[in-house]
Every structure is written in C-alpha cells, then in structure tokens.
Amino acid sequence: MDPKKMIIYPLIVFGIAIIIIIANYVMTGSFVKEGIELRGGSVITLQGVNVSPDEIAKSIKEKTGIDVTVEKFSGVGGSGVRVYVSAGDDVNLVREALKEMFPDVEPQTVVIGPTFGEIVREQGIKAIVYAFIGMAIVVFLFFRVPVPSMTVVFSAFSDMIIAIALMNIFGIELSQATIAALLMLIGYSVDSNILLTTRLLRRKEFTVEEAYYSSLKTGFTMSTTTLGALASLWIFSTAQVIDDIASVLIFGLLADFMNTWILNAGVLRLYIAKREGKE
Amino acid sequence: MKWRRILLNFRVIVLIFFLLISITALATRGLTFGLDISGGISITVKLEKPVDSQTMEQVKIALEQRLNTLGVKNIVVEPWGDQFVIVKVANVTEEEADQLIKTIERQGVFYAEFQGIIFATGKDILNVGSVSYDPQHSAWVVPFRLSKEAAEKFAQLALGKAGYPVDMFLDPPVNSTLVVSNRVYEAMLSKTFMLEGDMTLVERIEKAFGIKVVPYANVTPEEIAEIAKGSERIILLDVDGNLSKALKEMGFEVETRSMRSDEDVYDFIKRSLGLYGPYRVSEGLATGNPSTEVMISITAPKTDIQARQDAQVVSVVLRSGSLPVKLSIERIDYISPKLGENFKRQVLVAGIAALLVVGLIVFLHYRKIKIAIPVMFTSFSEVLIILGIAALIRWNLDLPSIAGIIAAIGTGVDQQIVITDELLGEEESRRRVKRSGVLRRMGRAFFIILASATTTIVAMSFLFKFFVGGLRGFAFTTILGVLVGIFITRPAYGEIAKVLIGERR
C-alpha cells in the first residue's frame, strides 16, 4: 500500500474519535461520561438478583420517594443489578428498601462525596499528563531520532483518544479504574510501536518490506494473546473494576493495532525512504 | 542433554531460586487480601485542610480512640498524604459499619465529670501542653488550661473533696441502658472506680449522662425493656447474644460489646464507656480556689513506655473535643465477606482461563508445543513470583492489584513473543544466521523489552504517586510484574527458548 494512504486512514479515524468526544461534550457538558467516583453519589451492588431494573427502580420510588437508576449486569461468574443513588439522596433509605425486597442478598455499597470526585479527577488528569510526558521522554531517549519518536508518542495519544471515544459509544464511565486502564494503554501501545520502530530502523540484513511483515506477524501474535487474556478477564469476572479495566484495554489495543501497523508503519516507510534517498 | 543445558544455565537457576522463595513465602506467610476481596469497610475521611505530620498523628490517635469504644476488632487508621485518613476494618457486619460511620461523622464529644456533674466539655479545654515527665512527683503529666467558668465550677464542686475521682469521657454512650454481666457490675461498683469518693461509677454516669446500668441476673427481657424505656439504645456488655435478639424484637436498638482477650474487666468498662480515668483530685485542687492551669498525672517510672503512651492518649482525648481540623467522610466502600469470596473465585478462574487462552493462542500461532509450554510456564512463574513477593512484604491484594498482575502477564507474554520471533528469525534467511546473529537478535529483543518496560514503569509510577485510592495497588503490581519480568523471568525464558528453538538447527 502507498505509505501516504497508510497515514491518511488512521488520521481519519482519529478525527472521527475527536468529533465523537467533542459531540459528547456539547451534548452532556463533559468529554467522557463520568462515573460516580468523579461525580459523587452512591452505588449499591446486589449480586445474584434477577429482577427487571425498571421494577426495582419503581418500587424504590414508591417506598422512599427517591429516584434511582438501576442497571443490570451479567457475566459467567453471575449476574445482578447496580442501583445508583445521586449525591444528595439518602443511601441508607434506599439500602433498607432494597433489604426488604431482597433479604438474602448481601449488598456492596460505595458512597462517594462530591469533593472526593473533584480530587480523583484532578489526580487522574495529573497522572495521565505526567505519564504521557514521561513516556515521551523515555521514547526520545531510546531512539534519539525525532520523527519516529514523535510518531510513537502520537500513536499512543491516538490510542487513548480512540479508546475514550469508544468508551462514550459503549457507555463506559470514567472512573479510577478506567483512568488506570488509559494509563496502562500507554505501556501497551508503546510496546508494539517500539517493536516496529526498532525492527525497521535497526534492520540490517532485510528489506523494509521483509522487516515490516515479520514485525506484523510478531505484533499480531502479541495483540491476540493480550486480547485473549483480557477477554477471559472480562468474561469471567463480575467485579466492575476488572470489567472496566479489561474493556478499555481491549478498545485501546484494537486502536493500537491500526495505529502501529498502518499509521506508524506508513510514517516509518516514508521516513526510511527519505533517509535512504539522501544517502 | 537438552534438560541439562537448560537447568544448568545461570539465568534459569536464578528463576528457580526465586520460584522456591516464592513458594516458601506463600506456604508460610500466605497472602493477605484487600477489603474488596476479604470483605469489610473502607472509609476515606478528608480533613478540612492539609495538615502537618504532627497534627495528622493527633487525628489518627483521636480517631482510633473514638472508634475503639465501639469494640469493633482490628480497626486500621491509615493517614494518606497530608489531607486524608483511611479507616479500614475487615469483616464487619453492616450494623457495625454504620456505627463506625456515625462515630466518624460526629465530632468527638468530650466531657469532664465530677460527682455526676459535668463541669467541662470540649470547648472548655483551651490549651493542651505537651506530654512530659515530672521527676519530682515521678509521674508522666499532661498539662492543660481550663476555661474560667469550668475552673470556677470545679473549684466549688471539689471543695474539701481531695481524693475523690474525676472522670473524663470521650463519646460516652449518653442516654442508654447498659445490661452488664455480674463481673462487670461488680467491677463498676469497686474501689478502682470510686477511689476515696462516695459515689460509685454507676451512680455517677447515671446522674451525668442518664446511663442506666442493669446487672444481668434473674431479669427477664421484659423487665429490662421496662427499665430501658426512654433510652436511646441498649448496650450489652459481656452478655450473650440471645438477649440481644429478644430486645431487638421488641423494637430496641441493641449493640453488643464483648471483652477482648488482651484486656481485663476494668479496661473493658473504660473502653465501653469512653472513660479516661478516674483521676484523683489532688489536695491543691480541693481548696476552693479556682485554678485554670491544671494537669493530669500518671504516676509511673520514666522508663514505663505504657504510662507514656497513656499520657499521650489523654492529651489527644483532651484535644479531641476540639480537633484541630474538621473531618468529613468522602468515600465509603462496603463489601460483605460473602461477596468477596465470590470475587476471589472469579479472579482465580479468570486467571487460569487467561493463562490457558494465552497458551492456546501461542500454540496456534507457532504450531509448536515446545514454544507454548515454556511461554505458559514463564507466565505462570511470573504470577507465582509476584504473589510470593506480595506475601513477603504483606502487600494487601485487592482487586486492582490483581488486575495489575494480569496486565503485567499481558505485557510479559508480548515480550516473550518478541524474543521467540527474534530467535526464530525470518524463515527464508535462516541459513545466514550464525551464532553472532543469535546474540544480536537477542540484544535487539532485549532493547525492545527494556524500552517498553521503562515506559510502563514511568507511566505507572505517576499513578502510584498521585493516587489516593486503591489504584495504587494496580500500579504497584504492574511495576512489580514488569520488574520481575525483565530481571528474572524474561532472561530465563530467553535461555530456555535459545536451547529449545536453536536446537533444531
């Protein structure tokens, strides 16, 4: 494929992701849906409950007069419901109502004050920004050539943006867990990009084409094993922390596949062609 | 032959060495799980403003003292940074959890009482000096200043009553009925709490706080209910649980406290009442002259560390009526122990499934069991070593930590694949590969691994540094996993792979 086209398509996807995020901002006032950890509020999780969410919400409204959002989840490990209570409402009332309805179920409760959310958001942004800068410095130190390094950094950035856009589409909320997953993404994304960049720039005995396809093979094996491991996590666990981390990483890895093997490869091929043309 | 070459390699020996240590650590020390797995409550408390370490220590002790009166076991109060305190308690019932939350939300209430009359509350304690040793009276002392009104009130009350007891209370169970066992009742009436006064502790707390004390002997639940009418709650001290059920059915709020193995009946009573003291009124204070500069002294030799600690606690209690900062609860996580058990099983299943899936995918890619088995073995060793280290340093494994381990395994497998592919080389050019070629390829593989490991560690360090909450566990195990990977398991895998793959040529 023409290297220029290889660069264009991933950039278009990146652009669409940006548009989705901005559209979300225009519609809801935030770039990505924030979970209760950032907004404040409470969530009561009931494992093993198999009643329609609407019914639960209705009877809680009747009993306590509090509006709650109820959501169903399921996995191999079991299913259940999560009941969300907004920050100002009395969680204990809701919990008692739930206990009356399901006396045998042990609830798991998380209550978060609104100012705590503020702190989590601040810390999250700080952690991501610093991690990004740290990553960029490490990449530059390892390669010492500006264009390939910048491409690696950009594709990590694009992975994150696309993952956030997919979070918006699939309704996954920003929480401490997903912030961690986005950070983890930096590591994974750099992994494959470094592999490709090293192989292409340091190859001596092969042509660019040969090196590219051999790296692609390796990269494909890498991504499939990681995806396999993450998918089994996602399937077997009903703990929200783990589910969220797994799904965001899966989004990011899919984005990374494109950004590494199409975008970064395109840029590197142009770069190498130019460099070799000069020599 | 092949096995000998693998086993006698230095890097493989290092791996085996670490595996043995890890297995030993796991077998002898075991793993400690976080509250989200073992069940329990974690309460994140925010201080109104950032404080220095000394104030933080005060807040910690004050919280510990106040929560201890509840009689809930194993309360851990952990300062976090300069503005947060996390209170963690494993294995609590929902009821106990509620009490903990209420106690933290309430500001500590301090009372000083004499002859059943409250003469000072927290706002009357104007200044608390630091704990020091008074060699003249051979006692540890806590000096403090009382407000003028409190000092005058006390002077009147204590006139001519040297040797009488003064009690201090922090969060006493105001307006409640205590049902106590015989030994507790006897102790409450004893000289230990009366000193040279003429009122028993039972009389004093009834007069001061409306606390009714009923010995549990030949009384029916109905009779207790009659007595407890008008009390906010009934607290059972050292009394078995059947009564609690009966009283609960009658609509009372009932709490049960039992004696811990490390305390005697007197300590138990003090803890349950939130009582500090009683302290003997000295001759100088019984003259009728108000004195605002007073002190509490604990007679003991200077080397008595216990006495010094007691004095420290008293100083915190005196201050706690007016803690230097306001506290607010920012986050509560409550997980029932049963649920945690379920999570543990799920994570185990997910982990094993992930390992098998990885093995299967690797096998499908290379069609060689000789590669799939070492890859799985290496990943498995990695998990084992991470867990072993966690057991050694007693790291609390919570759900994010476990997610971190799995993430580390993910990158680990990636890196093994890089090594494998570099070793396998390109099929068509294999003939050109010589010994030096293998070394160079290994070098390149380790360059890639080192670069990606460094970035992961850098990214995760920020998470570890900046987060208050549980996600530090995620960062910690990820970093640990990456380090174990690059220093222990990956080099060993490289050697094993070199022998197994190289052997074909």
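Glycine is treated like the rest: Cβ placed from N, Cα and C.
As recorded in Swiss-Prot:
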TRANSMEM  B:6-26  transmembrane segment
TRANSMEM  B:346-366  transmembrane segment
TRANSMEM  B:373-393  transmembrane segment
TRANSMEM  B:399-419  transmembrane segment
TRANSMEM  B:446-466  transmembrane segment
TRANSMEM  B:468-488  transmembrane segment
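Counting Cβ pairs closer than 8 Å and at least 6 residues apart in sequence, the transmembrane segment (B:399-419) and the transmembrane segment (B:346-366) reach three or more and so form a contact. If one looks beyond the transmembrane segment (B:468-488) by at least 6 residues along the same chain, the residues whose Cβ comes under 8 Å of a Cβ in the stretch are 14-15, 18, 34, 36, 44, 80-81, 84, 331, 382, 385-386, 389-390, 395-405, 407-409, 411-412, 415, 449-450, 453, 456-457, 460-461. Below 8 angstroms of C-beta separation, residues 37, 372-373, 375-376, 379-380, 383, 399, 402, 405-406, 409, 413, 417, 420 of the same chain, each at least six residues beyond the ends of the transmembrane segment (B:346-366), sit close to that stretch. Panel annotation: around the transmembrane segment (B:373-393), residues 15, 18-19, 21-26, 29-32, 351, 355, 358-359, 362, 401, 405, 408-409, 412-413, 416-417, 420, 477, 480-481, 484-485, 488-490, 492-493, 496-497, 500 of the same chain, lying at least six beyond its termini, place a Cβ under 8 Å from a Cβ of the stretch. Remote same-chain partners of the transmembrane segment (B:446-466), defined as residues 6 or more beyond its termini with a Cβ less than 8 Å from a stretch Cβ, comprise 411, 414-415, 418-419, 472, 474-476, 478-479, 482-483, 485-486, 490, 494.
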